[in-house]
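*Asks:* This is the structure I have questions about; it appears just below.
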Amino acid sequence: RWIKFEEKVEDGGERWSAPHVPALPLHSLFQLRTCLQKGTMLLDLDAPSFKEIIDKALSGQPEEAELQPELRERLAALLLRQPRHQPTKSLLQLLAGLSLSPCRGRHGAWPRLLHPKSPAAASLSFQLRNRFKKKVPPGTEAAHVVVGEVEFLEKPFTAFIRLRRGVALGSLAEVALPSRFLFILLAPQAKVKAYHEIGRAMATLLMDELFQRVAWQAEHREDLIAGMEAFLDELTVLPPGKWDPSARIPPLSCLRSPHRRTAMHLPDQQSHSNRDMAAAGDRASLGHPCSREELERTGRLFGGLLRDIQRKMPWYGSDFSDALHPQCLSAVLYIYLATVTNAITFGGMLGDATANMQGVLESFLGTAFAGSIFCLFSGQPLTILSSTGPVLVFERLLFSFSQDHNLDYLEFRLWIGLWVAFFGVVLVATEASHLVRYFTRFTEEGFCALISLIFIYDSLKKMLSLADAFPINWQYRLDNVTSYSCVCNLSSPGGWARGSGGPEVSMRDPSSLPALSLQPPATPARLSRTQCLGRGGHLLGTSCQYVPDVTVVSFLLFGGTFLSCTALKRFRSSRYFPAGVRKMVGDFAIILAILTSCAVDAALGLETPKLLVPSELKPTNPVRGWIVFPFGANPWWVCLVSVVPAVLVTILIFMDQQITAVILNRREYKLQKGAGFHLDLLCVSLLVVVTSATGLPWYVSATVISLAHMESLRKESATSAPGEHPKFLGIREQRLTGLAVFILTGVSVFMAPILKHIPMPVLYGVFLHMGVAALNSIQLTERMRLLLMPAKHQPDLAYLRHVPLRRVHLFTIIQLLCLALLWVLKSTVAAIIFPVMV
């Protein structure tokens with residue numbers, strides 16, 4: 001059988017082979033051409049049943065090849081016999097058949113043959129029970145190839161039939177599908193192998209997309225022959241001594257499109273435009289920056305913004321209905337945990353940089369508010385907003401400047417935010433976002449690589465810092481266990497008391513302790529470490545600093561979560577379990593990895609660092625309130641001086657936001673609802689006003705988390721032929737997942753009792769996975785691997801066919817040098833200008 005590739009019944013007769021590319025003898029194609037030239041050909045035959053089709057095919061023979069009435073009747077009876085299909089059995093059916101095999105007769109493998117009274121009913125029942133139809137794409141029609149040798153024929157009988165409309169031919173097909181084409185070859189005995197190969201050749205032709213068009217549109221025999229000649233023109237011959245004809249060629253994951261095949265074989269004077277179109281398609285598929293409707297200038301104030309609104313309005317309803325899919329639930333949980341972790345990380349650093357004028361709670365509330373508004377009204381709601389490194393550096397510098405010059409930090413920041421919003425609206429009005437069209441792959445990859453490396457570096461840095469909080473017991477020696485002890489020294493009268501802060505093995509002689517240790521206040525039950533410190537005491541002894549190896553377990557959780565995320569994501573393309581199970585595991589891979597790691601942590605029972613979120617709705621710094629007033633604390637001229645830093649912040653936000661937007665709106669993601677560069681920038685600019693007036697952090701698009709959001713919403717074809725890889729259909733574009741993520745972030749304050757069971761090393765492992773996944777999604781990583789590969793082992797990449805390898809390496813090295821410069825730059829005070837440097 002063929003759907004896209006060939007499958008054969010194995011010699012055991014119990015199962016179909018793995019799908020493979022059909023390998024045909026060249027002679028069989030020449031014989032097939034002869035059959036089509038000399039045999040019966042009925043195009044657009046109008047027949048409602050298989051019997052009528054056979055009658056017309058037998059009566060439509062040429063005069064020189066007309067069959068005798070007796071032979072015609074015998075052939076009709078032979079062709080109208082009920083077919084016997086190869087059953088596709090599940091694993092349970094095979095095991096059940098194996099257990100029952102001693103109890104069955106010789107013909108037990110074909111139970112339908114034991115009921116000769118109703119073969120048609122048995123075949124139709126087989127069609128209804130056949131799960132193979134799930135592999136057949138909607139709208140498919142069947143073609144039947146009937147080949148065999150007949151003892152009563154003296155010369156071959158050949159017929160090619162195309163029906164005017166698809167007709168259901170009962171149990172002729174393995175699954176219930178309308179039939180369109182039939183090819184019949186019955187011939188005398190002695191050449192059954194040759195007849196079989198001719199039938200395989202015909203089936204292979206009918207599976208070729210270009211020949212299908214010819215077969216559908218052919219009006220005469222010559223058209224069909226011309227289509228076959230075109231097929232022969234593309235044929236590739238393998239020398240018989242250099243390969244094994246019995247070897248099965250596995251299907252490729254990516255095949256040339258019919259359009260490119262057509263362009264390659266047109267005459268020179270007709271093919272230039274087609275080849276240019278094919279090359280343009282290649283560039284588009286590689287994310288080549290070219291003119292886009294979203295970035296064309298209108299020449300009117302706010303013209304680009306109005307276009308964005310007009311483009312997005314028709315999709316607004318579907319932005320919510322398209323989210324009704326289980327995959328979106330997985331995306332919400334995954335991105336929510338990533339967003340919460342990011343908010344805690346940046347909130348803590350903001351608190352350190354601004355004396356808690358902005359802290360973790362402000363980071364939570366700002367993320368929830370800004371993200372929710374952006375998801376509701378933006379042009380690209382798949383974007384996830386977050387604080388970024390350059391913004392953090394600017395906040396630190398601004399706070400230091402305010403402290404040095406006795407200025408109120410929040411009021412000064414409010415005026416900067418108002419000017420930033422004003423400049424942002426001016427950029428939207430003048431359609432400055434059209435400059436995005438000049439961002440090249442070099443720029444996009446450099447920015448994406450830097451942000452990905454920051455995620456990887458920060459996750460590893462956080463894990464290494466655990467060694468300071470939970471030191472590994474390098475000095476522990478099993479032979480010295482008798483000398484380890486810890487006692488509590490109470491600062492209040494009452495003296496010494498035995499503590500339980502570490503492993504106690506030996507007991508000191510009470511007479512060696514001070515006399516005060518025998519007084520009743522110190523000798524009740526042994527004090528714990530917390531009780532000792534709570535009473536104002538301190539710990540003394542060789543084991544007081546002992547903690548279980550929390551760091552080692554944390555690294556195991558960290559590495560286990562990362563490897564689990566990676567393995568479960570790849571499980572979608574594995575060979576194990578049915579496709580539905582693989583898809584479900586792939587969609588919920590991150591959540592399954594997190595739940596597994598949390599279960600391991602709970603089973604071990606160690607006090608690993610947990611996710612802690614604020615539990616009270618009050619400012620981190622009690623000195624400040626929730627509303628920042630523009631006047632009163634600073635001199636009047638501050639509102640004018642704020643223009644200078646506002647220009648720098650505007651450039652920072654514009655570049656950070658728009659580079660991320662370009663990356664998210666690449667053509668390879670196959671987005672259908674369009675982008676909204678001007679609308680996104682307007683939303684971010686107006687949000688700066690609100691967050692500045694309430695003392696909340698500023699937010700722009702987060703590249704890595706946004707890419708992870710899109711990757712978690714990838715759509716693939718639900719049905720694929722055996723051997724065919726699922727096709728990437730695009731991204732599930734909607735607003736509900738992002739909105740749900742930010743609403744959950746806002747209510748996390750009330751979920752602290754639940755979230756405190758999630759270990760931080762697990763979330764750092766998710767961060768590492770996000771960084772590595774984003775890094776692997778860019779071509780730079782692919783070209784870096786080429787630097788380490790000998791030429792003979794390099795993959796067959798499209799750009800290596802057209803660009804000399806030395807130029808590819810030169811381009812890669814320049815990119816790496818620029819990336820190193822950006823890394824050095826982001827590690828200094830000048831990090832606030834690094835988007836401009838990109």
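Keep in mind that glycine also has a Cβ here, set from the backbone N, Cα and C atoms.
Pasting the relevant annotations from TrEMBL:
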type: DOMAIN; residues: 1-91; note: domain 'Band 3 cytoplasmic'
type: DOMAIN; residues: 125-245; note: domain 'Band 3 cytoplasmic'
type: DOMAIN; residues: 300-838; note: domain 'Bicarbonate transporter-like transmembrane'
type: REGION; residues: 264-285; note: region 'Disordered'
type: TRANSMEM; residues: 331-351; note: transmembrane segment
type: TRANSMEM; residues: 363-392; note: transmembrane segment
type: TRANSMEM; residues: 412-430; note: transmembrane segment
type: TRANSMEM; residues: 442-460; note: transmembrane segment
type: TRANSMEM; residues: 550-568; note: transmembrane segment
type: TRANSMEM; residues: 588-606; note: transmembrane segment
type: TRANSMEM; residues: 626-654; note: transmembrane segment
type: TRANSMEM; residues: 675-700; note: transmembrane segment
type: TRANSMEM; residues: 736-755; note: transmembrane segment
type: TRANSMEM; residues: 762-780; note: transmembrane segment
type: TRANSMEM; residues: 810-834; note: transmembrane segment
*Asks:* Quickly jot the same-chain residues contacting the transmembrane segment (736-755) by Cβ under 8 Å, restricted to those at least six beyond its ends, or write none.
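*Replies:* Sequence-remote neighbours of the transmembrane segment (736-755) are 319-320, 323, 328, 331-332, 335-336, 339-340, 343, 361, 364-365, 367-372, 374-376, 381-384, 611-617, 709, 713.
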*Asks:* For the domain 'Band 3 cytoplasmic' (1-91), jot down how many residues DSSP puts in helix, in strand and in coil.
*Replies:* 38 helix, 12 strand, 41 coil
*Asks:* Six or more residues out from either end of the transmembrane segment (331-351), which same-chain residues have a Cβ under 8 Å from its Cβ atoms?
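*Replies:* Sequence-distant neighbours of the transmembrane segment (331-351): 358-364, 367, 371, 384, 386-387, 392, 395, 458, 462, 590-591, 594, 611-613, 620, 697, 702, 705, 708-709, 712-713, 737-738, 740-742, 744-745, 748, 755, 758, 760, 763-764, 766-767, 770.
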*Asks:* With the transmembrane segment (363-392) as the reference, which stretch in 412-430, 626-654, 675-700, 762-780 has the largest tally of C-beta pairs below 8 Å?
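*Replies:* The stretch I would name here is 675-700.
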*Asks:* Decide whether the stretches the transmembrane segment (626-654) and the transmembrane segment (762-780) have at least 3 CB pairs under 8 angstroms, with pairs required to be 6 or more apart in sequence.
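*Replies:* Contact criterion not met.
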*Asks:* Run the contact check on the transmembrane segment (762-780) against the transmembrane segment (412-430): 3 or more C-beta pairs under 8 Å, excluding pairs closer than 6 in sequence.
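*Replies:* Touching, no - the transmembrane segment (762-780) and the transmembrane segment (412-430) miss the threshold of 3 or more Cβ pairs under 8 Å.
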*Asks:* How about long-range neighbours of the transmembrane segment (442-460): same chain, 6 or more residues beyond its ends, C-beta under 8 Å?
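*Replies:* The answer is 287, 345, 389, 558, 659-660, 662-663, 666, 703-704, 707, 764-765, 767-768, 770-772, 774-775, 777-781, 811, 815, 818-819, 822-823, 826, 834-835, 838.
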*Asks:* Is it possible to list how many residues within the domain 'Band 3 cytoplasmic' (125-245) are helical, extended or coil according to DSSP?
*Replies:* 54 helix, 30 strand, 37 coil
